[in-house]
Amino acid sequence: MKLIVGLGNPGAKYRFTRHNAGFMVVDRLAGAAGTTVNRRRCFSLVGEGRLNGVRVVLAKPQTYMNLSGLAVSALCRHYRLELADLLVICDDLDLEFGRIRLRPKGGSGGHRGLASIIAALGSSDFPRVRIGIGKAEDASAHVLGEFAPEDQSGLEEILSTAALAAACACREGLDEAMSRFNSWRLMSANGTAEV
């Protein structure tokens, strides 16, 4: 079993913000897994299903970003999962818009949701999918703002590709997913992409 956690903030106010890119990817994975992410468990909304034959738990913590570790550690305990069975999906200021990056482990990179998870788990040795949202002078306003109108045309392709990358990591392993998706980039405003 794999636990795929998309990071974000709960509530309609934050639904379409850059910081909720992880939630958006989990919503796309839910359709592919034949589930809905709407049951309350371990400070999260969860749904269970199968993704390419692999049993998955999809989760969206409801603790707000800075306390994501509370939910993730509770989920790992509840489902009795090892860190290798966890995949966290989040936004990344240090990655340009139109890029995704998978990593087997690493620091928080200043992402407070990741920092909370690392602190709660006592380890940074868990895989993650990072979705580039680009930098801005006011980082807080940027992550809590909605995607710019000029980014909307490519956003669906980015989120769908991140979902494919997560599914590939579950089915074929993280190394294969990194090989296949870390070089992917959205090529133009009309959503044309390359892998």
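Every residue gets a Cβ built from N, Cα and C, even glycine.
If you check Swiss-Prot, you get these features:
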type     : residues            : note
ACT_SITE : His19               : active site, proton acceptor
BINDING  : Tyr14, Tyr64, Asn66 : tRNA binding site
SITE     : Asn9                : site 'Discriminates between blocked and unblocked aminoacyl-tRNA'
SITE     : Asp91               : site 'Stabilizes the basic form of H active site to accept a proton'
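Shown on the structure are the features that Swiss-Prot records.
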residue: Asn9; record: site 'Discriminates between blocked and unblocked aminoacyl-tRNA'; CB count, 10 Å: 22
residue: Tyr14; record: tRNA binding site; CB count, 10 Å: 18
residue: His19; record: active site, proton acceptor; CB count, 10 Å: 24
residue: Tyr64; record: tRNA binding site; CB count, 10 Å: 18
residue: Asn66; record: tRNA binding site; CB count, 10 Å: 12
residue: Asp91; record: site 'Stabilizes the basic form of H active site to accept a proton'; CB count, 10 Å: 24
Legend entry - Using Cα positions only, nearest of the recorded positions to Asn66 (tRNA binding site) (Asn9, His19, Asp91): Asn9
Legend entry - For the tRNA site built from Tyr14, Tyr64, Asn66, further residues of that chain with CB within 8 A of the site's CB center: Gly8, Asn9, Pro10, His19, Thr63, Met65, Leu67
Inset, instruction - Would you mind reading off the Cα separation of Tyr14 (tRNA binding site) from Asp91 (site 'Stabilizes the basic form of H active site to accept a proton'), to the nearest angstrom? - result: 14
Inset, instruction - Please find, for Tyr14, Tyr64, Asn66 as listed binding tRNA, the greatest distance between any two Cα atoms, in Å. - result: 14
Legend entry - Tyr64 (tRNA binding site) and Asn9 (site 'Discriminates between blocked and unblocked aminoacyl-tRNA'), distance between Cα atoms, whole Å: 5
Legend entry - Distance from the residue listed as 'active site, proton acceptor' back to Asp91 (site 'Stabilizes the basic form of H active site to accept a proton'), taken between C-alpha atoms, in Å: 6
Inset, instruction - Provide, as an integer number of angstrom, the distance between the C-alpha atoms of His19 (active site, proton acceptor) and Tyr64 (tRNA binding site). - result: 10
